[in-house]
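S.K.: Sharing a structure here in C-alpha coordinates format.
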Protein chains: 2
Amino acid sequence: MSLEIISETGCFGGIQGTYQHTSEVLGCDMRFSVYTPPAAAHGQVPVLWYLSGLTCTEENATVKAGFQRAASELGLMVICPDTSPRGDHVPDDDAYDFGKGAGFYVNATEDPWAKNFRMYDYITKELAEFVGSVGMTDMSRQGITGHSMGGHGALTIFLKNRDTFRSVSAFAPIVSPMNCPWGEKALTGYIGSDRAAWAEHDACALLERGGATDANILIDQGLADNFLEGQLKPELFEAACEKVGQKLTLRRHEGYDHSYFFISTFIEDHLRHHADALK
Amino acid sequence: MSLEIISETGCFGGIQGTYQHTSEVLGCDMRFSVYTPPAAAHGQVPVLWYLSGLTCTEENATVKAGFQRAASELGLMVICPDTSPRGDHVPDDDAYDFGKGAGFYVNATEDPWAKNFRMYDYITKELAEFVGSVGMTDMSRQGITGHSMGGHGALTIFLKNRDTFRSVSAFAPIVSPMNCPWGEKALTGYIGSDRAAWAEHDACALLERGGATDANILIDQGLADNFLEGQLKPELFEAACEKVGQKLTLRRHEGYDHSYFFISTFIEDHLRHHADALK
(Lines of atoms letter the chains of each structure in order from A; the text may use other names.)
(Lines give C-alpha, C1' and ligand atoms only; values in the text may rest on other atoms or scores of the structure.)
Protein backbone atom coordinates (compact mmCIF):
# COMPACT_ATOMS: atom_id res chain seq x y z
CA MET A 1 0.00 0.00 0.00
CA SER A 2 1.53 3.32 -1.00
CA LEU A 3 1.05 6.15 1.42
CA GLU A 4 0.96 9.88 0.90
CA ILE A 5 1.82 12.08 3.87
CA ILE A 6 -0.78 14.84 4.09
CA SER A 7 0.74 16.36 7.23
CA GLU A 8 3.03 15.45 10.11
CA THR A 9 3.92 17.61 13.09
CA GLY A 10 5.13 17.39 16.64
CA CYS A 11 2.48 16.93 19.31
CA PHE A 12 3.17 16.14 22.99
CA GLY A 13 6.60 14.82 22.10
CA GLY A 14 5.23 12.42 19.47
CA ILE A 15 4.04 12.86 15.89
CA GLN A 16 0.49 13.62 14.76
CA GLY A 17 0.15 12.67 11.13
CA THR A 18 -2.54 12.46 8.48
CA TYR A 19 -2.05 10.07 5.59
CA GLN A 20 -3.78 9.17 2.34
CA HIS A 21 -3.84 5.88 0.50
CA THR A 22 -5.84 4.08 -2.16
CA SER A 23 -8.19 1.57 -0.56
CA GLU A 24 -8.86 -1.50 -2.70
CA VAL A 25 -11.67 -2.56 -0.39
CA LEU A 26 -13.51 0.74 -0.72
CA GLY A 27 -12.47 1.56 -4.27
CA CYS A 28 -11.38 5.10 -3.43
CA ASP A 29 -8.68 7.21 -1.84
CA MET A 30 -8.96 7.40 1.94
CA ARG A 31 -7.37 9.43 4.69
CA PHE A 32 -6.64 8.43 8.26
CA SER A 33 -4.71 10.00 11.11
CA VAL A 34 -2.14 8.41 13.37
CA TYR A 35 -0.74 9.68 16.63
CA THR A 36 2.64 8.08 17.22
CA PRO A 37 3.72 8.41 20.86
CA PRO A 38 7.35 9.02 21.86
CA ALA A 39 7.52 5.44 23.19
CA ALA A 40 7.34 4.12 19.63
CA ALA A 41 10.95 5.20 19.18
CA HIS A 42 11.97 2.51 21.67
CA GLY A 43 9.86 -0.47 20.61
CA GLN A 44 6.44 -1.65 19.51
CA VAL A 45 3.47 0.08 21.14
CA PRO A 46 -0.17 -0.93 21.63
CA VAL A 47 -2.70 0.57 19.25
CA LEU A 48 -6.06 2.20 19.99
CA TRP A 49 -8.57 2.61 17.19
CA TYR A 50 -10.89 5.61 17.44
CA LEU A 51 -14.03 5.42 15.26
CA SER A 52 -15.89 8.67 14.68
CA GLY A 53 -19.55 9.54 14.42
CA LEU A 54 -21.94 10.78 11.75
CA THR A 55 -20.66 13.59 9.47
CA CYS A 56 -17.08 13.22 10.70
CA THR A 57 -13.91 12.57 8.78
CA GLU A 58 -10.61 11.37 10.23
CA GLU A 59 -9.97 14.99 11.21
CA ASN A 60 -12.65 15.74 13.82
CA ALA A 61 -11.45 13.56 16.67
CA THR A 62 -7.84 14.23 15.72
CA VAL A 63 -8.18 17.96 16.31
CA LYS A 64 -10.97 18.04 18.92
CA ALA A 65 -10.90 14.98 21.18
CA GLY A 66 -7.59 15.88 22.83
CA PHE A 67 -6.33 12.31 23.13
CA GLN A 68 -2.69 13.09 22.31
CA ARG A 69 -1.65 14.18 25.78
CA ALA A 70 -2.66 10.93 27.48
CA ALA A 71 -1.58 8.84 24.47
CA SER A 72 1.88 10.36 24.77
CA GLU A 73 2.08 9.61 28.48
CA LEU A 74 0.69 6.08 28.17
CA GLY A 75 2.57 5.13 25.01
CA LEU A 76 -0.49 4.37 22.90
CA MET A 77 -0.67 4.78 19.13
CA VAL A 78 -4.08 6.21 18.22
CA ILE A 79 -5.55 5.71 14.76
CA CYS A 80 -8.58 7.65 13.49
CA PRO A 81 -10.04 6.33 10.22
CA ASP A 82 -12.57 8.21 8.11
CA THR A 83 -16.25 7.25 8.47
CA SER A 84 -17.10 6.28 4.88
CA PRO A 85 -15.68 5.94 1.39
CA ARG A 86 -15.00 9.28 -0.34
CA GLY A 87 -14.74 10.70 -3.83
CA ASP A 88 -16.97 12.04 -6.60
CA HIS A 89 -17.50 8.54 -8.01
CA VAL A 90 -18.81 7.20 -4.68
CA PRO A 91 -22.62 7.24 -4.35
CA ASP A 92 -24.06 9.56 -1.74
CA ASP A 93 -27.30 10.63 -0.11
CA ASP A 94 -28.39 14.17 0.76
CA ALA A 95 -29.07 13.25 4.38
CA TYR A 96 -26.35 13.67 7.01
CA ASP A 97 -27.07 10.23 8.44
CA PHE A 98 -26.66 8.08 5.32
CA GLY A 99 -24.06 7.77 2.57
CA LYS A 100 -20.81 9.71 2.84
CA GLY A 101 -19.82 10.44 6.42
CA ALA A 102 -22.19 7.71 7.59
CA GLY A 103 -20.74 4.32 6.65
CA PHE A 104 -21.90 2.70 9.92
CA TYR A 105 -18.92 0.32 9.89
CA VAL A 106 -20.78 -2.36 7.91
CA ASN A 107 -20.24 -4.10 4.57
CA ALA A 108 -23.19 -2.98 2.44
CA THR A 109 -24.99 -5.60 0.37
CA GLU A 110 -27.56 -3.36 -1.31
CA ASP A 111 -27.02 -1.39 -4.51
CA PRO A 112 -25.68 1.22 -5.17
CA TRP A 113 -23.81 1.02 -1.84
CA ALA A 114 -22.35 -2.49 -1.98
CA LYS A 115 -19.42 -1.58 -4.21
CA ASN A 116 -17.84 1.09 -1.97
CA PHE A 117 -19.48 1.04 1.46
CA ARG A 118 -17.41 -1.72 3.05
CA MET A 119 -16.11 0.08 6.12
CA TYR A 120 -16.12 -3.09 8.23
CA ASP A 121 -13.63 -4.84 5.96
CA TYR A 122 -11.68 -1.64 5.42
CA ILE A 123 -10.97 -1.15 9.11
CA THR A 124 -10.70 -4.73 10.34
CA LYS A 125 -8.73 -6.06 7.37
CA GLU A 126 -7.15 -3.57 4.95
CA LEU A 127 -6.20 -0.76 7.32
CA ALA A 128 -5.33 -3.14 10.18
CA GLU A 129 -3.04 -5.15 7.89
CA PHE A 130 -1.30 -1.98 6.81
CA VAL A 131 -0.84 -0.76 10.38
CA GLY A 132 0.59 -4.14 11.34
CA SER A 133 2.93 -4.18 8.35
CA VAL A 134 4.63 -0.93 9.37
CA GLY A 135 6.07 -2.72 12.40
CA MET A 136 5.67 0.04 15.00
CA THR A 137 2.67 -1.54 16.72
CA ASP A 138 2.20 -4.72 18.71
CA MET A 139 -0.93 -6.06 16.99
CA SER A 140 -1.54 -8.48 19.87
CA ARG A 141 -2.37 -5.39 21.93
CA GLN A 142 -5.25 -3.60 20.19
CA GLY A 143 -8.10 -1.65 21.73
CA ILE A 144 -11.02 0.10 20.09
CA THR A 145 -13.19 3.05 21.01
CA GLY A 146 -15.54 5.44 19.28
CA HIS A 147 -18.25 8.06 19.50
CA SER A 148 -21.94 7.75 18.62
CA MET A 149 -22.00 5.86 15.27
CA GLY A 150 -18.34 5.17 15.99
CA GLY A 151 -19.29 3.80 19.42
CA HIS A 152 -21.57 1.38 17.58
CA GLY A 153 -18.61 0.56 15.33
CA ALA A 154 -16.28 0.00 18.28
CA LEU A 155 -18.70 -2.24 20.19
CA THR A 156 -19.73 -4.36 17.19
CA ILE A 157 -16.21 -4.74 15.80
CA PHE A 158 -14.99 -5.72 19.26
CA LEU A 159 -17.75 -8.27 19.77
CA LYS A 160 -17.18 -9.80 16.31
CA ASN A 161 -13.39 -9.97 16.73
CA ARG A 162 -12.89 -11.15 20.27
CA ASP A 163 -9.44 -12.55 19.54
CA THR A 164 -8.20 -9.35 17.94
CA PHE A 165 -9.17 -6.66 20.44
CA ARG A 166 -8.36 -6.82 24.13
CA SER A 167 -10.22 -3.67 25.22
CA VAL A 168 -13.21 -1.59 24.19
CA SER A 169 -14.92 1.60 25.24
CA ALA A 170 -17.38 4.09 23.77
CA PHE A 171 -18.66 7.64 24.09
CA ALA A 172 -22.44 8.03 23.71
CA PRO A 173 -22.64 4.99 21.43
CA ILE A 174 -25.53 3.81 19.31
CA VAL A 175 -25.87 0.51 21.16
CA SER A 176 -28.71 -0.98 19.17
CA PRO A 177 -29.15 0.25 15.58
CA MET A 178 -32.00 -2.25 15.20
CA ASN A 179 -33.91 -0.14 17.71
CA CYS A 180 -33.33 3.48 16.71
CA PRO A 181 -34.15 5.64 13.68
CA TRP A 182 -30.50 6.23 12.65
CA GLY A 183 -29.79 2.52 12.71
CA GLU A 184 -33.02 1.41 11.06
CA LYS A 185 -32.40 3.79 8.18
CA ALA A 186 -28.76 2.80 7.75
CA LEU A 187 -29.28 -0.96 8.03
CA THR A 188 -32.27 -0.89 5.66
CA GLY A 189 -30.25 1.12 3.15
CA TYR A 190 -26.97 -0.79 3.35
CA ILE A 191 -28.10 -4.33 4.30
CA GLY A 192 -31.72 -4.52 3.14
CA SER A 193 -35.04 -4.98 4.87
CA ASP A 194 -34.42 -8.45 6.35
CA ARG A 195 -34.15 -7.61 10.04
CA ALA A 196 -32.59 -10.99 10.81
CA ALA A 197 -29.45 -9.88 8.96
CA TRP A 198 -29.30 -6.72 11.04
CA ALA A 199 -28.41 -8.63 14.20
CA GLU A 200 -24.86 -9.02 12.83
CA HIS A 201 -24.46 -5.27 13.28
CA ASP A 202 -26.18 -4.68 16.60
CA ALA A 203 -24.06 -4.60 19.76
CA CYS A 204 -26.92 -5.79 21.97
CA ALA A 205 -27.78 -8.69 19.68
CA LEU A 206 -24.11 -9.66 19.24
CA LEU A 207 -23.57 -9.69 22.99
CA GLU A 208 -26.66 -11.77 23.68
CA ARG A 209 -25.71 -14.24 20.96
CA GLY A 210 -22.00 -14.47 21.76
CA GLY A 211 -22.17 -14.18 25.52
CA ALA A 212 -19.95 -12.21 27.86
CA THR A 213 -16.35 -11.34 27.07
CA ASP A 214 -13.45 -11.08 29.51
CA ALA A 215 -13.22 -7.33 29.00
CA ASN A 216 -14.70 -4.62 31.17
CA ILE A 217 -16.61 -2.40 28.75
CA LEU A 218 -16.41 1.33 29.55
CA ILE A 219 -19.16 3.64 28.27
CA ASP A 220 -19.62 7.32 29.04
CA GLN A 221 -22.91 9.04 28.28
CA GLY A 222 -23.92 12.67 28.75
CA LEU A 223 -27.39 13.25 30.20
CA ALA A 224 -27.80 16.54 28.27
CA ASP A 225 -27.23 14.66 24.99
CA ASN A 226 -30.04 15.48 22.53
CA PHE A 227 -29.84 11.98 21.07
CA LEU A 228 -29.97 10.09 24.35
CA GLU A 229 -33.60 8.98 24.37
CA GLY A 230 -34.37 8.76 20.67
CA GLN A 231 -31.20 7.16 19.32
CA LEU A 232 -28.64 6.06 21.90
CA LYS A 233 -30.62 4.23 24.59
CA PRO A 234 -27.74 2.99 26.76
CA GLU A 235 -30.24 1.14 28.95
CA LEU A 236 -30.64 -1.44 26.16
CA PHE A 237 -26.94 -2.31 26.35
CA GLU A 238 -27.04 -2.23 30.12
CA ALA A 239 -29.84 -4.83 30.03
CA ALA A 240 -28.00 -6.99 27.49
CA CYS A 241 -24.85 -6.94 29.64
CA GLU A 242 -26.83 -7.91 32.71
CA LYS A 243 -28.50 -10.74 30.83
CA VAL A 244 -25.23 -12.40 29.80
CA GLY A 245 -23.11 -11.37 32.78
CA GLN A 246 -20.93 -8.93 30.83
CA LYS A 247 -18.91 -6.54 32.97
CA LEU A 248 -19.90 -2.96 32.10
CA THR A 249 -18.94 0.42 33.52
CA LEU A 250 -21.63 2.79 32.26
CA ARG A 251 -21.19 6.32 33.57
CA ARG A 252 -23.95 8.89 33.13
CA HIS A 253 -22.86 12.53 33.34
CA GLU A 254 -25.23 15.34 34.14
CA GLY A 255 -24.84 18.47 31.98
CA TYR A 256 -22.77 16.89 29.20
CA ASP A 257 -24.01 16.86 25.61
CA HIS A 258 -23.01 14.92 22.46
CA SER A 259 -20.07 17.19 21.56
CA TYR A 260 -16.31 16.86 21.67
CA PHE A 261 -16.35 18.92 24.89
CA PHE A 262 -17.89 15.81 26.43
CA ILE A 263 -15.39 13.48 24.76
CA SER A 264 -12.36 15.61 25.65
CA THR A 265 -13.43 15.65 29.31
CA PHE A 266 -13.39 11.86 29.60
CA ILE A 267 -10.90 10.77 26.92
CA GLU A 268 -8.06 10.42 29.43
CA ASP A 269 -10.12 7.92 31.45
CA HIS A 270 -10.72 5.92 28.28
CA LEU A 271 -7.05 5.88 27.31
CA ARG A 272 -6.12 4.71 30.82
CA HIS A 273 -8.81 2.02 30.58
CA HIS A 274 -7.26 0.76 27.35
CA ALA A 275 -3.64 1.14 28.50
CA ASP A 276 -4.41 -0.93 31.61
CA ALA A 277 -5.88 -3.73 29.49
CA LEU A 278 -3.11 -3.56 26.90
CA LYS A 279 -0.17 -3.68 29.31
CA MET B 1 -25.67 44.34 26.54
CA SER B 2 -28.12 41.59 25.70
CA LEU B 3 -26.66 38.17 25.21
CA GLU B 4 -27.86 35.21 23.19
CA ILE B 5 -26.67 31.77 24.27
CA ILE B 6 -25.53 29.89 21.19
CA SER B 7 -24.47 26.80 23.15
CA GLU B 8 -23.54 25.75 26.65
CA THR B 9 -22.36 22.33 27.77
CA GLY B 10 -20.43 20.62 30.51
CA CYS B 11 -16.66 20.43 30.03
CA PHE B 12 -14.16 19.26 32.68
CA GLY B 13 -16.66 20.01 35.41
CA GLY B 14 -17.25 23.59 34.22
CA ILE B 15 -19.26 25.11 31.38
CA GLN B 16 -18.05 25.78 27.84
CA GLY B 17 -20.36 28.34 26.28
CA THR B 18 -20.60 30.34 23.06
CA TYR B 19 -22.53 33.60 23.12
CA GLN B 20 -23.67 36.25 20.66
CA HIS B 21 -24.25 39.95 21.24
CA THR B 22 -24.58 43.16 19.24
CA SER B 23 -21.35 45.13 19.42
CA GLU B 24 -21.82 48.88 19.26
CA VAL B 25 -18.09 49.41 18.78
CA LEU B 26 -17.95 47.12 15.74
CA GLY B 27 -21.45 47.80 14.43
CA CYS B 28 -22.31 44.13 14.03
CA ASP B 29 -23.28 40.96 15.87
CA MET B 30 -20.32 39.14 17.40
CA ARG B 31 -19.72 35.78 19.00
CA PHE B 32 -17.28 34.86 21.72
CA SER B 33 -16.71 31.76 23.82
CA VAL B 34 -16.28 31.52 27.58
CA TYR B 35 -14.99 28.61 29.61
CA THR B 36 -16.30 28.94 33.16
CA PRO B 37 -14.32 26.75 35.58
CA PRO B 38 -15.97 24.93 38.49
CA ALA B 39 -14.26 27.38 40.91
CA ALA B 40 -16.52 30.18 39.64
CA ALA B 41 -19.35 28.61 41.64
CA HIS B 42 -17.50 29.57 44.84
CA GLY B 43 -16.30 33.11 44.08
CA GLN B 44 -14.72 35.39 41.51
CA VAL B 45 -12.04 33.84 39.32
CA PRO B 46 -9.17 35.33 37.29
CA VAL B 47 -9.72 35.69 33.57
CA LEU B 48 -7.46 34.74 30.67
CA TRP B 49 -8.07 36.24 27.24
CA TYR B 50 -7.13 34.07 24.26
CA LEU B 51 -6.76 35.94 20.95
CA SER B 52 -6.77 33.83 17.82
CA GLY B 53 -4.89 34.05 14.55
CA LEU B 54 -5.68 34.74 10.89
CA THR B 55 -8.82 33.06 9.46
CA CYS B 56 -10.04 32.00 12.92
CA THR B 57 -13.31 32.71 14.66
CA GLU B 58 -14.01 32.34 18.37
CA GLU B 59 -14.49 28.63 17.68
CA ASN B 60 -11.06 27.41 16.59
CA ALA B 61 -9.18 27.70 19.86
CA THR B 62 -12.29 26.74 21.80
CA VAL B 63 -12.49 23.33 20.13
CA LYS B 64 -8.82 22.71 19.27
CA ALA B 65 -6.48 24.30 21.82
CA GLY B 66 -7.50 22.01 24.66
CA PHE B 67 -7.26 24.67 27.38
CA GLN B 68 -10.31 23.54 29.35
CA ARG B 69 -8.61 20.78 31.33
CA ALA B 70 -5.97 23.03 32.86
CA ALA B 71 -8.41 25.95 33.17
CA SER B 72 -10.69 23.71 35.22
CA GLU B 73 -7.87 22.62 37.49
CA LEU B 74 -6.43 26.12 37.91
CA GLY B 75 -9.76 27.94 38.23
CA LEU B 76 -9.25 30.25 35.25
CA MET B 77 -12.04 31.66 33.12
CA VAL B 78 -10.93 31.63 29.47
CA ILE B 79 -12.49 33.98 26.92
CA CYS B 80 -11.99 33.58 23.17
CA PRO B 81 -13.22 36.54 21.10
CA ASP B 82 -13.65 36.47 17.32
CA THR B 83 -10.86 37.98 15.17
CA SER B 84 -12.80 40.64 13.24
CA PRO B 85 -16.22 42.18 12.77
CA ARG B 86 -18.70 39.94 10.93
CA GLY B 87 -21.81 40.24 8.79
CA ASP B 88 -22.80 40.86 5.18
CA HIS B 89 -22.70 44.64 5.68
CA VAL B 90 -19.10 44.57 6.94
CA PRO B 91 -16.48 45.26 4.23
CA ASP B 92 -14.17 42.42 3.34
CA ASP B 93 -11.18 41.48 1.23
CA ASP B 94 -10.65 38.30 -0.78
CA ALA B 95 -7.32 37.60 0.89
CA TYR B 96 -7.15 35.41 4.01
CA ASP B 97 -4.85 37.90 5.72
CA PHE B 98 -6.93 41.08 5.48
CA GLY B 99 -10.54 41.99 6.26
CA LYS B 100 -12.81 39.45 7.92
CA GLY B 101 -10.90 36.97 10.07
CA ALA B 102 -7.92 39.33 10.10
CA GLY B 103 -8.76 42.35 12.27
CA PHE B 104 -5.22 42.52 13.72
CA TYR B 105 -6.56 43.89 17.02
CA VAL B 106 -6.27 47.55 15.90
CA ASN B 107 -8.71 50.42 15.46
CA ALA B 108 -8.73 51.11 11.73
CA THR B 109 -8.55 54.72 10.57
CA GLU B 110 -8.72 54.14 6.81
CA ASP B 111 -11.91 53.78 4.79
CA PRO B 112 -13.82 51.54 4.26
CA TRP B 113 -12.45 49.76 7.36
CA ALA B 114 -12.65 52.51 9.99
CA LYS B 115 -16.35 52.06 10.68
CA ASN B 116 -16.28 48.39 11.74
CA PHE B 117 -12.68 47.25 12.20
CA ARG B 118 -12.14 48.44 15.77
CA MET B 119 -11.08 45.18 17.42
CA TYR B 120 -8.76 46.96 19.87
CA ASP B 121 -11.61 48.92 21.42
CA TYR B 122 -13.96 45.98 21.16
CA ILE B 123 -11.76 43.70 23.25
CA THR B 124 -10.19 46.15 25.68
CA LYS B 125 -13.33 48.19 26.32
CA GLU B 126 -16.69 46.79 25.19
CA LEU B 127 -16.15 43.08 25.78
CA ALA B 128 -14.01 43.64 28.90
CA GLU B 129 -16.70 45.87 30.41
CA PHE B 130 -19.31 43.24 29.75
CA VAL B 131 -17.22 40.46 31.26
CA GLY B 132 -16.61 42.60 34.33
CA SER B 133 -20.29 43.46 34.64
CA VAL B 134 -21.33 39.81 34.94
CA GLY B 135 -19.56 39.64 38.29
CA MET B 136 -17.99 36.18 38.00
CA THR B 137 -14.48 37.44 37.31
CA ASP B 138 -11.96 39.37 39.37
CA MET B 139 -10.99 42.03 36.81
CA SER B 140 -7.91 42.93 38.86
CA ARG B 141 -6.56 39.53 37.81
CA GLN B 142 -6.48 39.43 34.01
CA GLY B 143 -3.99 37.71 31.74
CA ILE B 144 -3.81 37.64 27.96
CA THR B 145 -2.43 35.16 25.43
CA GLY B 146 -2.83 34.43 21.75
CA HIS B 147 -1.57 32.69 18.65
CA SER B 148 0.14 34.21 15.62
CA MET B 149 -1.89 37.38 14.79
CA GLY B 150 -3.47 36.83 18.21
CA GLY B 151 -0.02 36.65 19.77
CA HIS B 152 0.59 40.08 18.28
CA GLY B 153 -2.73 41.14 19.78
CA ALA B 154 -1.86 39.75 23.20
CA LEU B 155 1.60 41.35 23.33
CA THR B 156 0.48 44.78 22.07
CA ILE B 157 -2.67 44.94 24.20
CA PHE B 158 -0.61 43.92 27.25
CA LEU B 159 2.06 46.52 26.58
CA LYS B 160 -0.52 49.28 26.04
CA ASN B 161 -2.54 48.37 29.15
CA ARG B 162 0.08 47.64 31.76
CA ASP B 163 -2.30 48.40 34.62
CA THR B 164 -5.01 46.09 33.32
CA PHE B 165 -3.14 42.86 32.60
CA ARG B 166 -0.84 41.13 35.04
CA SER B 167 0.39 38.35 32.75
CA VAL B 168 1.01 37.72 29.07
CA SER B 169 2.14 34.87 26.84
CA ALA B 170 1.99 33.97 23.18
CA PHE B 171 2.22 31.07 20.76
CA ALA B 172 4.20 31.77 17.57
CA PRO B 173 3.31 35.48 17.70
CA ILE B 174 3.80 38.13 15.04
CA VAL B 175 6.16 40.20 17.19
CA SER B 176 6.78 43.03 14.77
CA PRO B 177 4.07 43.70 12.18
CA MET B 178 6.14 46.68 10.98
CA ASN B 179 8.72 44.17 9.81
CA CYS B 180 6.79 41.38 8.11
CA PRO B 181 4.54 41.10 5.05
CA TRP B 182 1.36 40.21 7.01
CA GLY B 183 1.81 43.21 9.26
CA GLU B 184 2.84 45.67 6.55
CA LYS B 185 -0.23 44.78 4.54
CA ALA B 186 -2.60 45.00 7.50
CA LEU B 187 -1.20 48.22 8.95
CA THR B 188 -1.15 49.92 5.54
CA GLY B 189 -4.73 48.87 4.93
CA TYR B 190 -6.20 49.66 8.34
CA ILE B 191 -3.97 52.53 9.56
CA GLY B 192 -2.54 54.06 6.39
CA SER B 193 0.93 54.44 4.96
CA ASP B 194 2.44 56.60 7.72
CA ARG B 195 4.83 54.15 9.31
CA ALA B 196 5.22 56.35 12.39
CA ALA B 197 1.62 55.50 13.34
CA TRP B 198 2.37 51.80 13.02
CA ALA B 199 4.61 51.81 16.08
CA GLU B 200 1.49 51.95 18.24
CA HIS B 201 0.71 48.42 17.05
CA ASP B 202 4.13 46.79 17.10
CA ALA B 203 5.15 44.82 20.19
CA CYS B 204 8.86 45.46 19.67
CA ALA B 205 8.34 49.22 19.23
CA LEU B 206 5.95 49.41 22.20
CA LEU B 207 8.42 47.59 24.42
CA GLU B 208 11.35 49.78 23.41
CA ARG B 209 9.29 52.93 23.92
CA GLY B 210 7.61 51.91 27.19
CA GLY B 211 10.46 49.99 28.75
CA ALA B 212 10.38 46.71 30.64
CA THR B 213 7.35 45.50 32.56
CA ASP B 214 7.31 43.51 35.78
CA ALA B 215 5.93 40.46 34.01
CA ASN B 216 7.84 37.47 32.71
CA ILE B 217 6.71 37.12 29.11
CA LEU B 218 6.34 33.49 27.96
CA ILE B 219 6.57 32.73 24.23
CA ASP B 220 6.58 29.30 22.59
CA GLN B 221 7.67 28.94 18.98
CA GLY B 222 7.82 25.82 16.78
CA LEU B 223 10.91 25.46 14.63
CA ALA B 224 8.99 23.60 11.90
CA ASP B 225 6.62 26.58 11.60
CA ASN B 226 6.33 27.64 7.94
CA PHE B 227 5.92 31.28 8.96
CA LEU B 228 8.89 31.43 11.32
CA GLU B 229 11.43 33.20 9.13
CA GLY B 230 9.19 35.26 6.85
CA GLN B 231 6.57 36.53 9.30
CA LEU B 232 7.15 35.72 12.96
CA LYS B 233 10.83 36.52 13.61
CA PRO B 234 10.93 35.93 17.38
CA GLU B 235 14.56 37.11 17.39
CA LEU B 236 13.30 40.68 16.94
CA PHE B 237 11.35 40.50 20.18
CA GLU B 238 14.21 38.73 21.90
CA ALA B 239 16.48 41.65 20.94
CA ALA B 240 13.94 44.23 22.08
CA CYS B 241 13.57 42.49 25.44
CA GLU B 242 17.31 42.37 25.89
CA LYS B 243 17.58 46.06 25.02
CA VAL B 244 15.15 47.20 27.72
CA GLY B 245 15.82 44.46 30.28
CA GLN B 246 12.46 42.76 29.85
CA LYS B 247 12.26 39.26 31.32
CA LEU B 248 11.40 36.82 28.53
CA THR B 249 11.09 33.04 28.39
CA LEU B 250 11.28 32.21 24.69
CA ARG B 251 11.17 28.48 24.05
CA ARG B 252 11.98 27.09 20.60
CA HIS B 253 10.62 23.60 19.88
CA GLU B 254 12.04 21.37 17.21
CA GLY B 255 9.47 19.58 15.02
CA TYR B 256 6.46 21.72 15.94
CA ASP B 257 4.57 23.68 13.30
CA HIS B 258 2.04 26.55 13.40
CA SER B 259 -0.98 24.34 14.14
CA TYR B 260 -3.17 23.70 17.15
CA PHE B 261 -1.22 20.48 17.73
CA PHE B 262 1.62 22.80 18.74
CA ILE B 263 -0.66 24.99 20.86
CA SER B 264 -2.37 22.07 22.59
CA THR B 265 1.01 20.60 23.55
CA PHE B 266 2.08 23.73 25.45
CA ILE B 267 -1.22 25.31 26.50
CA GLU B 268 -1.03 23.83 29.99
CA ASP B 269 2.33 25.52 30.57
CA HIS B 270 0.79 28.83 29.51
CA LEU B 271 -2.20 28.46 31.79
CA ARG B 272 0.11 27.65 34.70
CA HIS B 273 2.22 30.69 33.81
CA HIS B 274 -0.87 32.89 33.99
CA ALA B 275 -2.35 31.21 37.06
CA ASP B 276 0.91 31.76 38.94
CA ALA B 277 0.91 35.46 38.10
CA LEU B 278 -2.81 35.86 38.83
CA LYS B 279 -2.79 34.18 42.24
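Along the chain as shown, the residues are counted starting at 1.
Cβ atoms here come from the backbone N, Cα and C positions, even for glycine.
The shown structure was predicted, so the numbers you read here are calculated from the model rather than taken from an experiment.
As annotated in TrEMBL:
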ACT_SITE  A:SER148  active site, charge relay system
ACT_SITE  A:ASP225  active site, charge relay system
ACT_SITE  A:HIS258  active site, charge relay system
S.K.: Distance check, please: Cα of A:HIS258 (active site, charge relay system) against Cα of A:SER148 (active site, charge relay system), rounded to an integer number of angstrom.
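M.R.: Between the alpha carbons of A:HIS258 (active site, charge relay system) and A:SER148 (active site, charge relay system) there are 8 Å.
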S.K.: Helix, strand or coil by DSSP: which one applies to A:SER148 (active site, charge relay system)?
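M.R.: For A:SER148 (active site, charge relay system) - judged by DSSP and reduced to three states - the answer is coil.
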S.K.: Roughly how many Å lie between the Cα atoms of A:ASP225 (active site, charge relay system) and A:SER148 (active site, charge relay system), rounded to a whole value?
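M.R.: About 11 Å separates the two Cα atoms.
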S.K.: Just counting, how many other CB atoms are there within 10 A of the CB of A:HIS258 (active site, charge relay system)?
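M.R.: 22, counting other Cβ atoms within 10 Å of A:HIS258 (active site, charge relay system).
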S.K.: Looking at the active-site residues A:SER148, A:ASP225, which one has the fewest other Cβ atoms within 10 Å of its own Cβ?
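M.R.: The active-site residues A:SER148, A:ASP225 were compared, and A:ASP225 has the fewest Cβ atoms within 10 Å.
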